[in-house]
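Colleague: Starting off with a structure, shown below.
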Amino acid sequence: MKNFTKFENKTTAEKLIQQAMHYKENPWIDKAKGQGKRIGCIFLNPSMRTRASTQIAAQQLGMDAIVMNMDKEGWALEMRDGVVMNKGTIEHIKDAAAVLGTYFDILAIRAFPSLTNKQEDVEDFVFNQFIKYSGKPVISLESAIRHPLQSLADMVTIQENWNKEIKPKVVLTWAPHIKAIPHAVANSFSEWALGCGHDLTITHPEGYELDEAFTKGAKIELNQAKALEDADFVYVKNWSAFNDYGKIITTDHSWMLKEKHLKKSKNAKVMHCLPVRRNLELSDEILDGPRSLVTQQAKNRIYAAQAVISQILG
Amino acid sequence: MKNFTKFENKTTAEKLIQQAMHYKENPWIDKAKGQGKRIGCIFLNPSMRTRASTQIAAQQLGMDAIVMNMDKEGWALEMRDGVVMNKGTIEHIKDAAAVLGTYFDILAIRAFPSLTNKQEDVEDFVFNQFIKYSGKPVISLESAIRHPLQSLADMVTIQENWNKEIKPKVVLTWAPHIKAIPHAVANSFSEWALGCGHDLTITHPEGYELDEAFTKGAKIELNQAKALEDADFVYVKNWSAFNDYGKIITTDHSWMLKEKHLKKSKNAKVMHCLPVRRNLELSDEILDGPRSLVTQQAKNRIYAAQAVISQILG
Amino acid sequence: MKNFTKFENKTTAEKLIQQAMHYKENPWIDKAKGQGKRIGCIFLNPSMRTRASTQIAAQQLGMDAIVMNMDKEGWALEMRDGVVMNKGTIEHIKDAAAVLGTYFDILAIRAFPSLTNKQEDVEDFVFNQFIKYSGKPVISLESAIRHPLQSLADMVTIQENWNKEIKPKVVLTWAPHIKAIPHAVANSFSEWALGCGHDLTITHPEGYELDEAFTKGAKIELNQAKALEDADFVYVKNWSAFNDYGKIITTDHSWMLKEKHLKKSKNAKVMHCLPVRRNLELSDEILDGPRSLVTQQAKNRIYAAQAVISQILG
């Protein structure tokens, strides 16, 4: 595995899931594997959970991790080719990525979408510039369109909570939010759930259709109640519109998941990538009740990252 | 020892003081003790000395330390139960603490008081939310009402500078400041000095009475000159009013400690937790002279933290 | 070697260059050398490359590195002696440096010039305060007037790209910029290039004369075309005026280095310390072409820092 930026295939995914579960049992078993190796964690956008879980994963493999918060440290990067840099940007991505490539064995990069320039976002422009110019393996810590480490952790969590032969019914439901939120978590969850063979239904208010590149094969059901029937896992997430790009079309509170929505899915477990806005996206009663897997998902971020780094180390 | 948030009892305090002094002589003697363990240092308020000394203490025990500056990284936490999170807060303390509890073996937390909501501050609300929801041992890096690591370092410093059988006369004197400053250092110093059996006198302008919960047993003497007579150790610190909560009642410059105040206490050593505003809280002549113990106190922060972490590791 | 703040002499410089090249071949050869030692990296001004390369260098020597971004963490230091600190500064350099001196075995410090107070800048006032009050070895991560780690990396880079007996012709050329930039890189490059015995020509528009303290022995040639003739290495850098202190006298775009300027120096390699503003300081065609050594220079920052820290460890 050279880069980890998306779902590759079922075999690779299953191997990573097994490896993550193995590390969860034995966090320090490969502590010599990364010795003398360095991972650079480059944040163009803020992070707490992702930063900590990646650092921890690296430490458990014996690696040194160095964090660079480019967003906070005022290191505005120029992305456009050929431009005269006489404005606010102080370094070109070409030069920054090339230098980081000489400093680190692996780069882990977070680069959110603009939510205004649809084409650049869909092409994952910023993220791909890093891959192009660094010359080193790159791990996505969430790009404009995908958040594969989250999805890997989510797949691990589903596996830990499912012991039947048949695949579970997984529902991805849109939830209200007050801000325009990226599609990355929803896209990746769909991509991974489908790739892993789960029976995926996606439900959302009209106008919130996700990019079909990620949802092909999922059942789209705009009636939330119908979608939730007999669900085994319900993944709650807000995203902004994709067609009317980056817009908030509705904040309809009736879409917020409550116990009453789950009457016809008694055993459904509820998932969210965190941070979650309580009583806006998801109700206290669910988050504080026995259905919630959110803390377990967050913990699994460590082992997902550890499995991925380990695979890249080879 | 599960948590380290306040003075527990004399036996525990003396054991920690001895352990700290032992680590000062042999910083790396327990470098295998914390291997494979992680401490998360969570700052809801800024820090330099506390952050560095805690990281160093952890390193000397072979632990990995990860710092999270929630104040600077824009991670506004919601503290109130049941609220609809449709404003500025992006994650509830319940969820953040639960996740941090799965990431770390020990949490070390800094959470200053509001100085506006007296009841919440006195209950140490924010700090206790972390304890409640993280499920892991918690070390106070200064809460709304206490700063026990500072006080432990202070007790070590007094012990290092005192070789008589009888207990020293310790004076805690209020000093002027231009900002409204928390009570945590003054509260804890009083709590620890009294708990360790020192003869403690507290002096301050009228209106600056501290919470009696911390000062019971101390002599309160509003005449600074009288209080300072025959002092062995003078601890200089500003705090805002407790009764007229969070207010600045006076900035009377005559309260700033100078050599002339110490004519009747020839051998008195002078202490301050730093950072100190020179010539406002404390004069250059004292800080640059032989009485000052401030650098020694700051150095002892390392060994205080190391003793506490070591005890919690067990 | 106690401190590393400037060019000392040719013998020391050559030893450091050799040591850096040795570490580039064998980064982990001295990984036990710094064990149990700590370096504190204190930034009064922002940094990415310098911070990362210094942390990496320390790690490769087995040291713990702790970074303190005083600029971002709101820790405004008072520098003036005897002042009443009743304004914005919260800690005096005397106290901060003394404490840092007890926390670390080596301090590495970045302190940019004001570009307004010429006398203080020329005396390297802030930087020297740290040396004065910390009592520990200090490494410059760029001071008001020098950037010796950059220059050491530059000397390594020249040596790696030169295999003739005679010394190369090195040209330092001013480049346009939109901001007032410090003199530190230009000063140090001149100091080191001359000290290492290179044939140095400096070229710049009239009014951009550097401080003669650093350039004595260099050929000053105001005609850029003439200066560049037969150059082996061309170092491109902007700086503000020194005589009319901190001013931007011209941003004459014709000074930006392009291929056409190098017709009479076919094999010239081009250097820049990064970050570089493309097509303002230096053209894409050069940066993306075979002449550019900029990434190599940046990589050599690691080994320069490692050689210096290793020397100080002794």
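Placed from the backbone N, Cα and C atoms, the Cβ positions cover glycine too.
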Colleague: Out of A:ARG291, A:ARG301, which is the one TrEMBL records at the carbamoyl phosphate site of A:SER47, A:MET48, A:ARG49, A:THR50, A:TRP75, A:ARG110, A:HIS147, A:PRO148, A:LEU149, A:GLN150, A:CYS273, A:LEU274?
Modeller: A:ARG301
Colleague: What does the structure give for the C-alpha distance between A:ARG49 (carbamoyl phosphate binding site) and A:GLU142 (N(2)-succinyl-L-ornithine binding site)? Integer Å is fine.
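Modeller: Cα-Cα distance, A:ARG49 (carbamoyl phosphate binding site) to A:GLU142 (N(2)-succinyl-L-ornithine binding site): 12 Å.
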Colleague: Give me the CA-CA distance between A:SER47 (carbamoyl phosphate binding site) and A:HIS177 (N(2)-succinyl-L-ornithine binding site), in Å, as a whole number.
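Modeller: Pair distance, Cα basis, whole Å: 19 Å.
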Colleague: Taking each of A:HIS147, A:LEU149, A:LYS237, A:CYS273, A:ARG301 in turn, which of these binding-site residues have a Cβ less than 8 Å away from a Cβ in chain B?
Modeller: none
Colleague: If you compare CA-to-CA distances from A:LYS237 (N(2)-succinyl-L-ornithine binding site) to each of the binding-site residues A:TRP75, A:HIS147, A:LEU149, A:CYS273, A:ARG301, which comes out shortest?
Modeller: A:CYS273
Colleague: Per DSSP, A:LYS237 (N(2)-succinyl-L-ornithine binding site) is which: helix, strand or coil?
Modeller: strand
Colleague: Among all chains shown, work out which of the binding-site residues A:ARG49, A:HIS147, A:LYS237, A:ARG277, A:ARG301 has the most CB atoms within 10 A of its CB.
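Modeller: Buried the deepest by this measure is A:ARG301.
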Colleague: If you measure C-alpha to C-alpha, which of A:TRP75, A:LEU149, A:ARG301 (binding-site residues) come within 10 angstroms of A:GLU142 (N(2)-succinyl-L-ornithine binding site)?
Modeller: A:LEU149
Colleague: How many of the residues that make up the domain 'Aspartate/ornithine carbamoyltransferase Asp/Orn-binding' (A:185-310) does DSSP mark as helix, as strand and as coil?
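Modeller: Computed counts for the domain 'Aspartate/ornithine carbamoyltransferase Asp/Orn-binding' (A:185-310) are 48 helix, 19 strand, 59 coil.
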Colleague: At the Cα level, what's the spacing in Å between A:CYS273 (carbamoyl phosphate binding site) and A:HIS177 (N(2)-succinyl-L-ornithine binding site), rounded?
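Modeller: Their Cα atoms are separated by 14 Å.
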